Amino acid sequence: MVSADVARNIVGIIGNVISFGLFLSPVPTFWHICKAKNVEEFKPDPYLATLMNCLLWFFYGLPTVHPNSTLVLTINGIGLVIEGAYIIIFIIYAAKNTRWKMLGVLAIQAAFMAAVVAGVLVGAHTHEKRSMIVGILCVIFGSIMYASPLTIMGKVIRTKSVEYMPFFLSLVNFLNGLCWTGYALIKFDIYITIPNALGTIFGLIQLILYGYYYRSTPKKGKNVELPTVLTKNAVTSGNVSVTIEK
């Protein structure tokens with residue numbers, strides 16, 4: 001019979017794979033942004049929230065804070081690199097006011113993270129206390145990360161269009177929350193359970209919205225060159241008459 005530790009490790013590895021897919025799921029969106037050289041109606045909120053979430057979970061997984069958390073440490077280290085790349089692209093192609101707002105948020109995040117690291121390492125001297133302090137922060141910011149698509153969900157409801165809420169991102173978000181909730185429940189960790197349970201719920205809501213509004217999303221038409229017929233009278237009179245042939 002598989003022990004709880006082995007089962008947890010297996011689920012954790014699956015969670016790492018799904019989380020990696022979650023981090024990569026916006027790639028088509030950013031490929032579109034790079035081609036268009038414009039962020040259009042896409043929002044930076046989810047990427048800023050995810051970056052902060054990865055920073056905190058990376059800190060939580062360090063041996064000095066919460067020993068034996070290699071799976072948490074590795075996937076969030078990878079997430080930091082990927083989310084950083086997304087944010088750089090967003091800043092490059094965003095409007096000037098959006099760019100400055102993002103830089104302001106990043107500065108606040110950096111200052112906050114520096115204060116957390118210094119406060120925890122200097123003020124808390126046991127793994128239990130450090131895990132509790134950082135874990136509570138992870139719950140708060142993990143919940144914010146999973147709730148950040150609410151801005152997009154509101155836009156979907158207002159416009160009755162899922163154009164700016166990618167299906168793959170919503171699906172992987174749901175699966176990621178579900179898997180890490182299972183991981184946390186096998187050997188109960190309340191700090192991992194709460195934000196990922198919320199992520200499962202928000203991901204499910206996104207999928208329901210996608211299914212409901214997919215049909216009402218305007219389809220981008222293709223430019224079709226229609227044949228024209230120039231009448232003899234039109235040419236001789238100096239006017240052009242165009243007839244659309246079906």
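Backbone N, Cα and C atoms are what each Cβ position is placed from, and that goes for glycine too.
Keep in mind that TrEMBL annotations are predicted by a computer and have not been checked by a curator.
TrEMBL lists 6-25, 46-65, 71-95, 102-126, 132-152, 164-186, 192-213 with the feature transmembrane segment.
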Message = Within the same chain, where does the transmembrane segment (192-213) have neighbours whose Cβ lies under 8 angstroms from its own Cβ atoms, ignoring anything closer than 6 residues to its ends? I mean 6 or more beyond.
response = 72, 138-139, 142-143, 145-147, 149-150, 153, 156-157, 160-162, 165, 167, 170-171, 173-178, 180-181, 183-185
Remark   = Within the same chain, the residues 6 or more beyond the ends of the transmembrane segment (102-126) and with Cβ under 8 Å of it are 44, 48, 51-52, 55-56, 59, 64-65, 87, 90-91, 94, 133-134, 137
